[in-house]
Amino acid sequence: MNWGIFNFKEIKGKMVIIGILVITIIIIIVSVVVSCSSKKDDYKDDSVLVENITETEIETKIQAPVQDLHLNQARSRLSGLWVDSTTVNNSPVAVMYSNIFEAMPQSSLSYADVVFESLVEGGITRLCGVFENCTMLEKIGPVRSCRTYYLFFAKEFEATYVHFGYSEYAEEYLQKKLMHSLDGMVYCNFYRSTDREAPHNAYTSWSGIMESAASKGYPTVYPDNYQQPFTFDNDDTKDVTIENGQTCLEFYPGYVYNKPYFTYDQIDKQYDRFQFGAKQIDAETGEQLKYKNILVKYVNGTYWPTGTPNYIVTGTGKGLYITDGKAEAVTWKNSTEYGPTKYYDKDGKEIILNQGKTWICQIEATSESSVKILDSIQ
């Protein structure tokens, strides 16, 4: 009996001790769990911070590469537009075009970056188109005979001048060989078409011109001392605007025979060319001729006994610059017959042309009153 009582008390004491131990263990476990949980949260916050820093550093260090939109390209000396850098130094070609009604429509004129128009005999005009790297052209013309001031114009661009015959007054300049020229009456890479009558059916091709130029040993690139006539805007995102310019939505240069004019297309911001009462169309493309810039050069001169004009293209004179629906008075200057003509605004600064094709009208100073600038399309 006493032994049983002794055992119960002993067991009871042991149970108390065990209970205390269990409670102590529970407290320790809870403390450890809380502590670990706290540390885990701290670690999580730190990792987020590190992660954010790492991402920021990566974003800063690894930026998207800047794309060169004009890789292997360079600015054309004729248009200011981007062209293949491997051909940008190739010298251009200037082709003399017939511009009477029987010669319409002309072939490949729309590919010329610059077109020069001036009177010849009998009140008619002829055109000179300046081309660069037009290797695809198989029919260019109709090609007509040379005049002295067209020679000078072609020389401004260091172009090989392509013509079919010449006036007696131009012969002297051709014999001086101060520029490179190809006469279709001498070289075989010209042909006559059967769809129209002579003399308005003489044509050539780009490959024919290149072959003839090579046979003459003409250089294929611009000379090192070349000074281009035009300075172009180099901003591809917007055009140059003529501040305080006169609105010009339609322009008449005043030539009597072909009665040409230009109308401004406000959508594509170019001037459409008309003559003989209709659109001037390229026979090879079927499209109307369009130009970003129009330059007018008023010149003085006399006439040879044959009626051929002898215009003075050196010195200085008045003119016009027309682009983007505006026109302004300019002054042109040229110190030599074979040098570049420069155009200046009223403040004496050289004008900046918009990128694109340019049409130049050489007009007798005495006919300035016939030139019309209209602020609406008739």
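Cβ atoms are placed via backbone N, Cα and C, with glycine included.
Annotated domain 'DUF3048' per TrEMBL: 78-218, 258-360, in sequence order. Marked as transmembrane segment by TrEMBL: 15-34.
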Restricted to the domain 'DUF3048' (258-360), the mean pLDDT of the model is 97
Using DSSP three-state counts, the residues of the domain 'DUF3048' (78-218) come to 37 helix, 42 strand, 62 coil
